[in-house]
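Annotated features in TrEMBL:
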SIGNAL    1-23  signal peptide
DOMAIN    35-109  domain 'Inhibitor I9'
DOMAIN    148-614  domain 'Peptidase S8/S53'
ACT_SITE  155  active site, charge relay system
ACT_SITE  228  active site, charge relay system
DOMAIN    415-490  domain 'PA'
ACT_SITE  575  active site, charge relay system
DOMAIN    687-786  domain 'Subtilisin-like protease fibronectin type-III'
């Protein structure tokens, strides 16, 4: 194991552990069994946990042949916030349970979930014009009240020895904390402190599927084998650590989470995929394990939950979506759940984590780059981007070759330029700079293939869809990456020269790059395919080339042949933007402990900006102007969110009523059978009191109703006027146009009349606008997206 260098005692660990009790087949019945989640809705609060557990056993006994078999089949009993359990069941047993009146749904727990994978906080402060007393960039996270806020991170665990998780200067653990520090392989109670106040791990569903955990690749404990969990945890709540950098000294400076005084609770739910050649390249997370973690997190006392995890494939109805179910019951207890939106952009309708009761986060850039000059043999100079610490010797021209011209026979024609494993001919690439294109395969694996074949360096070009967005990598050999336009220039030069050459100069870190932020092309886009009358994503935050803490048993590339050790690493993804929003939620919880999860989500969304730091519109990585389907309400502004003026609140009952009319599976009973039945004619989904407005299939006129609550810092009387930016071809009328509040906490109702102008808009395509309430101090902005039928 790579960790043997950092922790020599790991050499004594067994290589493979199997839990026989989690066998996939039932010896007693001969039936094939799998992990199913049996969801029973919410708790009424009348029963003790022991009584709930007995209810779950009784349900299992109704389909099992003996009490012993029923108890042995139970993996998790969810009893803190939501009501349900995970168990080993045959398809027939699951179907029989699903037909019972008290069961909402019974669905398989699958490994279709995966992690969505410093300067960012300084950049957010700079955008808002905030400077500290010493002239440094500043955010209000240093308020000591945030030390009472607990953020739970669901991910691949944590590396507790990182300086980002020091508890120096922190007071006692909040008395309301009920969690534990679960020991295990290379992790003990002493691994927790006043910063990491709790840690648990969950792998019963994982082991049931894979028949055990191979501890060559992962710790049977909350310790992070991968790096992803450490990175996200330090982004949300890492302490301020001066003098850090990525490998090679890139991005040097102070690293800090957005809420450095907040307490961390770690819930390890993601594990290596053993079928992969390199299991730690990608992790998988099973719903039954995640739901157990979310249930425990709320019971433990977390205030905010950060979940940089999303599903692959077609989204399921909310009642069969483990994260959505867990987030719903967390929101009922006032816990804010922030989730990553996914990395499948720029293709539309790819965003995941679609429920309106969670914050879904897109990814954008910051104002930092890692310039790597490239001098072509024809005199043209191009600026690449890299954090690779290796350099070509001699600062001299090296011959260049295009990968498509240097592949071995039999390489599929559609990937000859991709530098996939074992595709390059050593005779054709030896001692040359190899030009590869992004596409299939991992970026860092392409560099590994160039190195295997004897190439001197890699020059990695963007495909057209990625535009000018360049995620940086710590390649295993000299190399850099370029935009799509620059890749085209380089290939044109290679094609026009009989002996093309290039000089790759060392890279350097530069800041104050403009324009910024820019929407990441990889960030998943709307519309919401599950319920298009709810806009997703909700918000965007920094997610491109983010520096944060890392696991010391995971190399910067996570490749099996890469043995470099780093304490901080640069990563890109909505996994990185999600904890930025989680940190903003922590600050809001500290400032407004009585606010609901919906009020906090509203404050974050309505104070976002749709402008870049220069005052122009936010753009995508390909240079086009971005819109709500790219960034939701806009780019996060944490300081503005602390005093939003007005908020759109929503309750658990509001969400159940939303489900009555939503196209996500039918009736309210699919979320909570103990709640009141759906009305005969429930209000349309767009009537949910949400901070954004989305109307899908507009035919004629609709009237949308919204309610706002006065939470302005003035605490008393306030007068707001509305301004409307109408979507193209759509009329938007807000009534009344002025709202007067006499006191804090007062609510006002208004309507938005939306009408399609005849022939003024292309049918079947979303058009965007907005409306904003202002009292000359606050601007409370909401996006409007409309698709005319």
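Using N, Cα and C of the backbone, Cβ positions are placed for all residues, glycine too.
Unlike curated records, TrEMBL annotations are generated automatically.
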Confidence summary for the domain 'Subtilisin-like protease fibronectin type-III' (687-786), mean pLDDT rounded: 94
Tally of residues which DSSP labels helix, strand or coil - the domain 'Subtilisin-like protease fibronectin type-III' (687-786): 1 helix, 61 strand, 38 coil
Distant-in-sequence Cβ neighbours of residue 155 (active site, charge relay system), under 8 Å, six or more positions away: 115, 224, 228, 229, 232, 233, 266, 267, 268, 269, 270, 308, 309
